[in-house]
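Database features, via TrEMBL:
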type: BINDING; residues: A:Cys59, A:Cys62, A:Cys65, A:Cys201; note: [4Fe-4S] cluster 1 binding site
type: BINDING; residues: A:Cys69, A:Cys182, A:Cys185, A:Cys197; note: [4Fe-4S] cluster 2 binding site
type: BINDING; residues: A:Cys122, A:Cys125, A:Cys130, A:Cys165; note: [4Fe-4S] cluster 3 binding site
type: BINDING; residues: A:Cys134, A:Cys155, A:Cys158, A:Cys161; note: [4Fe-4S] cluster 4 binding site
type: COMPBIAS; residues: A:307-318; note: compositional bias 'Basic and acidic residues'
type: DOMAIN; residues: A:50-80; note: domain '4Fe-4S ferredoxin-type'
type: DOMAIN; residues: A:113-145; note: domain '4Fe-4S ferredoxin-type'
type: DOMAIN; residues: A:146-175; note: domain '4Fe-4S ferredoxin-type'
type: REGION; residues: A:1-26; note: region 'Disordered'
type: REGION; residues: A:305-329; note: region 'Disordered'
Amino acid sequence: MTTDPNLDSPRTAVSNPPIQPMPVNLGPGDVVRASAMPDLPAPTRELTPVAKLIDVSKCIGCKACQSACAEWNDTHPEIGFNTGSYQNPADLSDQMFTLMRFNEYENPETGDFEWLIRKDGCMHCEDPGCLKACPAPGAIVQYSNGIVDFISDNCIGCGYCVTGCPFDIPRISPTQHVSKKCTLCSDRVAVGQGPACAKACPTQAIVFGTKEDMVTHANARVEDLKSRGYDKAGIYDPQGVGGTHVFYVLQHADKPQLYSNLPADPKISGVVESWKGVTKTVGLAAIGLAAVGSVLHGLLSRGNRVTAEDDREAKELVEPSLPAQDKEA
Amino acid sequence: MSKRYYSQPGDRIKEFNPVVVSRYRGFTRANHWLTAFSLIALLLSGMALFSPYLYFLTGLFGGGQTTRWLHPFLGVLLFFSFLVLFLQLWRLNLPKPEDVTWVEKIGDVVKGDEEKLPELGKYNAGQKFVFWAMSGLIVALVVSGVMIWQQYFPDLVSIPARRWAVLAHSLAAVAIILVFILHVYAAIWTRGTISAMTRGTVTGGWAWRHHRKWLRELAGRERRDPAE
Amino acid sequence: MTNSWTDIRNTDLVIVMGGNAAEAHPCGFKWVTEAKAHRGAKLIVVDPRFTRTAAVSDYYAHIRPGSDIVFLMATINWMIQNDKVQWEYVKNFTNAAFIVKDEFGWSEGLFSGYDAEKRDYDKSSWEYVVGEDGFAQVDMTLSHPRCVWNLLKEHVSRYTPELVEQVCGTPRDRFLHIAGMIGECSAPDKTMTSMYALGWTQHSKGSQNIRGMAMLQLILGNIGVRGGGMNALRGHSNIQGLTDVGLMSNLIPGYLNMPTEKDSDWATYMSKKGFKPLRPGQTSYWQNYQKFMVSFLKAMWGDAATAGNDWAFDYLPKLDVANYDILRMFEMMDKGQVNLYFCQGFNPLLSFPNRGKLTSALSKLKLLVVMDPLETETAHFWENHGEHNDVDTASIQTEVIELPTTSFAEDDGSLVNSGRWMQWHWAAGTPPGQAQRDTWIMSGIFNRVKKLYQDEGGPFPDAILNLTWNYADPHEPSAEELAKELNGRALEDVYDLKDPTKLLAAKGKQVANFSQLRDDGSTMAGCWIFSGSWNEDGNMMARRDNADPDETGAYLGWTYAWPMNRRILYNRASADMQGKPWDPTRKLIEWNGEKWTGYDVPDISPTAKPEEVGPFIMNPEGTSRLFTRGMMRDGPFPTHMEPFESPIANVFNPELRGNPVARVFADDLAQFATSDEFPFVATSYRLTEHFHYWTKHNRINSALQPEFFVELSAELAAEKGIEKGGWVRVWSKRGSVKAKALVTGRIKPMQCGDKTVHCIGIPLHWGFMGAARKGWGPNSLTPFVGDANVETPEFKAFLVNIEPIKGEAVS
Ligand SMILES: Nc1nc2c(c(=O)[nH]1)N[C@H]1C(S)=C(S)[C@@H](COP(=O)(O)OP(=O)(O)OC[C@H]3O[C@@H](n4cnc5c(=O)[nH]c(N)nc54)[C@H](O)[C@@H]3O)O[C@H]1N2
Ligand SMILES: Nc1nc2c(c(=O)[nH]1)N[C@H]1C(S)=C(S)[C@@H](COP(=O)(O)OP(=O)(O)OC[C@H]3O[C@@H](n4cnc5c(=O)[nH]c(N)nc54)[C@H](O)[C@@H]3O)O[C@H]1N2
Ligand code: HEM
Ligand code: HEM
Ligand code: SF4
Ligand code: SF4
Ligand code: SF4
Ligand code: SF4
Ligand code: SF4
Ligand SMILES: [Mo]
């Protein structure tokens, strides 16, 4: 981790972070995108993109990251049940932003058994579907270093981000009614500390730094894996969402689904795109035209008025049925 | 008492000079306005979420969180309120042969050239369209709305299904808003209509002009059943 | 550990067998990932289950619990057959060349001298031929038929890959692949490290498992070198420290022996300790035993320990049996022979075998005192918790006192890690509620007992009344005072033995290290191996200099490693006979013609000439031992023994049950089962998410692993109709538990000859107190028998049965 004030972003979480206090280094001026804020002012500076690299081949599934995440974010995951798996809690929740997913795999090519353990959590997409879907201004922001953060104060708990996310990440708190997910420890990164999970990871399966450094590191890891017979080892940095700021080294990069259904080619769903795109423009235009048109027409036209003739006809029609005393009147 | 074909219980000639016809009972009117209120509240709260430019509308409800919370309940209110309305009105909104002619002569409708149109019962084809469109869209909105109701049904459907539901909900919302505009516009454009839903009555002339068969039936019923 | 955690990064090959390092030592395991990432090291895992360690391994093989000796002896056999031997090392640094008595032999699973009645060996034949010069005879050509090497060769010849397949259930090709990988490390510039723990120790022949790997490592030349070693991964964060200061009832601090009844006086006791070198010119460091012992007695009784009263030797208790280990204590308790039990930082109800027996034993106590920061199951053994602790409270008369203590984070002190690093720590929090430090409680008890002796007298008050107790606050000695006492200080001026004018330590000063300890009463030291940790240079344990010149991983300025701040034991063996490193890139120390220089503190006198003094100075031979002579109760070589409960008879001798010399109490023998009734092999172990029985009191740990489960293969589940996540009952001859079923491909049925062996895994972290869901753990089921040498219970291999059941457990 850098302590050099000239560097805007931390370089690595491998070495120890600074112990002297540092001013907060992520502010409103660093926001490049915010949900439901089409007219966001341009950021005041451009930070170096950061990334958290998760090397699945180094992960021992110890869940230190899970507990560090809960500790740092002061969440209170519930004590559930064993469902016949090491995966606990059974799923991500508003109290558990990251989760080790365990999958058993009999490799047909080598005849070897493999236990593929993947740390699940927000990928911090370059093109975040959650942000696209969100209706509340500023509830989801993206900083120029790539971190996608949920700002609970602005969140209304509608759950649109859940539908927007291609990775099934956000979870809505059933008590606070706000959406929760991994923040990439933006509050730590802002003061020069790496993510809590990376700090806790005993094997450095999680490392954090600039995206560039992390890609270099990842490439070296891929080489190591190839030398161990994993011919298809590679980086998972899906371009369908513009790349991600949390990315993986996989032994079987050709089959991401092996890792507890990591999507092979994630992108924002077409349904979401058309909901947030054409539906909105066409819908708003139609409603606007209809409303304005009818008001204008209402003002200009005379309307369909009842004539005196109509009144007479009506009277004639009902006359015979007039009670006797009224007929003369 | 003769059978009603074009009117419903409560519809009657209320006064004869000038002619005033009862069109909606108090209960129906209250029901209608509750329905109208909930739809308007839904429209405002829904539109707040629909577009960032309209997010300010959440201010009407006390902020985003309350808007998000309230909207589906209003939807449920709308649904039941409309259901009651529906049960009262559905029969007279069933299509009739004359509706075809009416639609064919839509040009004359717009020109207000009513003499060229067939005589109508209580509702014209336009109103029937609004009625059925509202009915269908409300069902669509309820169903899709529940599917995306995060607070109470977070895991009702899978995420892909939820994506379709939210899309359907938006589309239905747009559609129902258009229908709503049409409905209100027609009510205003056809002068003399509003009182049907405010006071419950229309003038004889209005009834003669727009819903002659309905008026004839009511008049006929008066004849056969003298008040004494 | 012979080496250190940080040294593991220097290896070429890691073998994790008999442990699950990633799971139980995740932070230490990082050095394995370092070796893999930066040296291209490979990782082999041999375990009954495909573990989290196996998940990041390069090669995995499964093994039937309790059959490791066969695997290890077969590996040694393979090395010999394929000439994968570091010959120069074996000849010079092991006892391969020593000639063994003719009477020594092995047949049908037993060594010479077995007495079935006594369940013990007469070990007199397990010895070298000693010449008239008093030295053991050797044949450096290794051609003598009775030399250790040839005896070993013959001994292991029975262990073939076929036998491995038949006994261990490990497929032959998997075994051969692993042997091939290991064989590469016989090259002087390739090393393998062995990381092990309970998968080897918790067997009735646990010590022999470890011997087996130690022998293999010696044959490969991997002891004393960087990236090599026998690395026992210790358990509790300070269990190494506890062992060092006398965990075992037959030891006193610094691995000195508790006297037995036969040691009627000081002279008799000491007569067995004077290790005379068995080869010319050798050191035999235990020659200094008396210095350490006298310094210990002076630390205990100060001025009351004088030459005249044999340094108060008589104050020490004398053992009437080999050991008052925990199993024996509970056996005695169950027989009504124990009134009062102090349970300090220990939860035996869950952690020791055969819970039914433990409950019965605790119920017979008059008083149970539990000192613990948490509400343990042991302290609540009398409380009914439904089926989770179904006791009849009214019938239990034991009085229980819970004394809340602080925990490690709430006091200063030192923790000794597996690599023998004594690391000072500082309190990080204030104790909650009425919690008090253990030292405060112990002092309180001591002061009161002493007062009672003063006031009322007693049969033998001297040991209590004369105990040194010079602390600033007699009610609570500080960690600093205790640490300094363990290091030791000069009671009189201490002079250099070779140069009596040279003052080494003035009276009252801390000794620099144990070379300054004396047997004339002029020094005291509570634990001689700790000498040097707090000397006149200050608290060496508090050092935090992470400089690592040339990146050897030694970190000499980081804390203090006993002995003498040495990071790699036997490091003299990293260099050849001339004192040149076997592998220059792995240099540790080197002979520069006059003395040893290098990165580590030499494990030998700095001026001891390489051709003269052997590297293993703690042994009178100066060499390491492939043949242990009479040091082990169950044989000088490891021989295959089945667990006491096994689905398979011992292939060498079907009559043998378990370890033929392990101690078995009569009542427990009756509770051993056979595979007719209990067909499945169970093994027990820990999970990363929990630390024993503490962390189930913590909500986050409990969320990460909420509920008791057992693991079994998909095949066994299908056979029994057990569903993933469903409930099962598992029972042994001693008890029964209910658990969730974790059906997995990570456990496979093993084919042992014509028998298919199914294995059931039982993690241990659940009980009836705390935040996690109530459960049982394995010890309602486990057998009450221990290792023949050290009495570690046989937790890793026993027989059970399993069936699916319906519904929720109630409590
Ligand atoms: N998370 C966590 N870490 C801990 C602890 C904890 O409670 N929780 N406890 C600490 C303590 S006190 C200790 S002693 C250590 C223990 O550390 P380990 O010994 O590594 O732990 P275990 O899980 O008891 O057993 C290790 C492995 O032995 C395997 N095994 C069982 N029988 C055999 C056998 O016959 N042969 C072989 N080759 N393998 C076998 C088991 O399948 C298991 O995977 O862990 C320490 N670390
Ligand atoms: N079947 C089966 N049984 C096993 C094992 C197995 O693998 N299988 N493993 C065995 C092994 S290796 C071990 S080490 C044992 C562990 O068995 P135990 O040592 O009995 O288990 P712990 O839960 O670690 O108990 C230690 C207690 O010390 C308390 N403590 C912590 N700090 C302090 C302190 O500063 N002062 C005091 N007074 N108390 C403190 C904790 O709260 C805890 O209750 O279990 C053994 N039992
Ligand atoms: C400001 C808003 C509204 C106004 C001014 C209004 C006005 C009226 C009027 C005047 C009528 C009587 C028309 C007639 O009987 O010919 C009417 C009928 C009706 N209105 Fe509304 N309305 C409003 C909102 C709504 C809403 C939101 C709904 C439904 C969701 C609705 C549903 C109906 C129905 C079902 C009828 C009966 C006509 C039929 O069945 O076809 N109205 N409305
Ligand atoms: C009938 C039952 C209805 C239910 C249960 C329902 C429920 C929902 C829910 C759950 C949402 C998501 C936001 C939120 O949680 O507040 C939503 C959004 C919305 N609703 Fe409804 N709703 C219903 C009816 C309607 C109606 C009648 C309208 C039409 C005016 C409407 C218009 C909208 C709009 C425009 C949105 C925003 C959609 C977007 O952002 O694209 N809803 N509704
Ligand atoms: S729940 Fe998600 S989509 Fe809705 S406001 Fe909050 S962050 Fe935005
Ligand atoms: S993974 Fe999902 S929640 Fe995270 S940034 Fe991407 S779209 Fe948003
Ligand atoms: S980056 Fe922070 S918030 Fe995200 S998983 Fe790691 S610890 Fe949790
Ligand atoms: S802390 Fe690291 S090794 Fe442990 S589960 Fe998380 S990513 Fe894997
Ligand atoms: S004791 Fe602590 S530091 Fe050591 S391995 Fe376990 S979790 Fe890591
Ligand atoms: Mo342990």
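From the backbone N, Cα and C atoms, a Cβ is placed for every residue, glycine too.
Among the binding-site residues A:Cys59, A:Cys62, A:Cys155, A:Cys182, A:Cys185, no residue is identified whose Cβ is positioned under 6 Å from ligand 2. Taking the domain '4Fe-4S ferredoxin-type' (A:146-175) as a whole, pLDDT averages 97 in the prediction. A:Cys125 ([4Fe-4S] cluster 3 binding site) and A:Cys65 ([4Fe-4S] cluster 1 binding site) have their C-alpha atoms 20 Å apart, to the nearest angstrom.
The Cβ centroid of A:Cys134, A:Cys155, A:Cys158, A:Cys161 marks the [4Fe-4S] cluster 4 site; residues of that chain outside this set whose Cβ lies within 8 Å of it are A:Ser35, A:Cys130, A:Ala133, A:Pro135, A:Ala136, A:Ala139, A:Ile140, A:Phe150, A:Ile156, A:Gly157, A:Gly159, A:Tyr160, A:Pro170, A:Ser179, given in sequence order. Checked against A:Cys62 ([4Fe-4S] cluster 1 binding site), the binding-site residues A:Cys130, A:Cys155, A:Cys158, A:Cys165, A:Cys197 differ in C-alpha distance, with A:Cys197 being the nearest.
Across the fold, the C-alpha of A:Cys201 ([4Fe-4S] cluster 1 binding site) and the C-alpha of A:Cys185 ([4Fe-4S] cluster 2 binding site) stand 14 Å from each other. A sphere of 10 angstroms centred on the C-beta of A:Cys65 ([4Fe-4S] cluster 1 binding site) encloses 27 other C-beta atoms. Filtering of the binding-site residues A:Cys65, A:Cys69, A:Cys125, A:Cys130, A:Cys158, A:Cys161 by Cβ separation from chain B (threshold: under 8 Å) yields A:Cys158, ordered along the sequence.
DSSP classifies A:Cys165 ([4Fe-4S] cluster 3 binding site) as coil under the three-state reduction.
Residues from the set of binding-site residues A:Cys62, A:Cys158, A:Cys197 situated with their C-beta under 8 Å of a chain C C-beta: A:Cys62. It is A:Cys125 that, of the binding-site residues A:Cys62, A:Cys125, has its Cβ surrounded by the most other Cβ atoms within 10 Å. Note on A:Cys130 ([4Fe-4S] cluster 3 binding site): other Cβ atoms within 10 Å of its Cβ, all shown chains, come to 28. Rounded to a whole number, the C-alpha distance linking A:Cys158 ([4Fe-4S] cluster 4 binding site) with A:Cys69 ([4Fe-4S] cluster 2 binding site) is 24 angstrom. Using DSSP to sort the residues of the domain '4Fe-4S ferredoxin-type' (A:50-80) gives these counts of helix, strand and coil: 12 helix, 6 strand, 13 coil. If you take the Cα of A:Cys165 ([4Fe-4S] cluster 3 binding site) and the Cα of A:Cys155 ([4Fe-4S] cluster 4 binding site), they are about 16 angstrom apart, rounded to a whole number.
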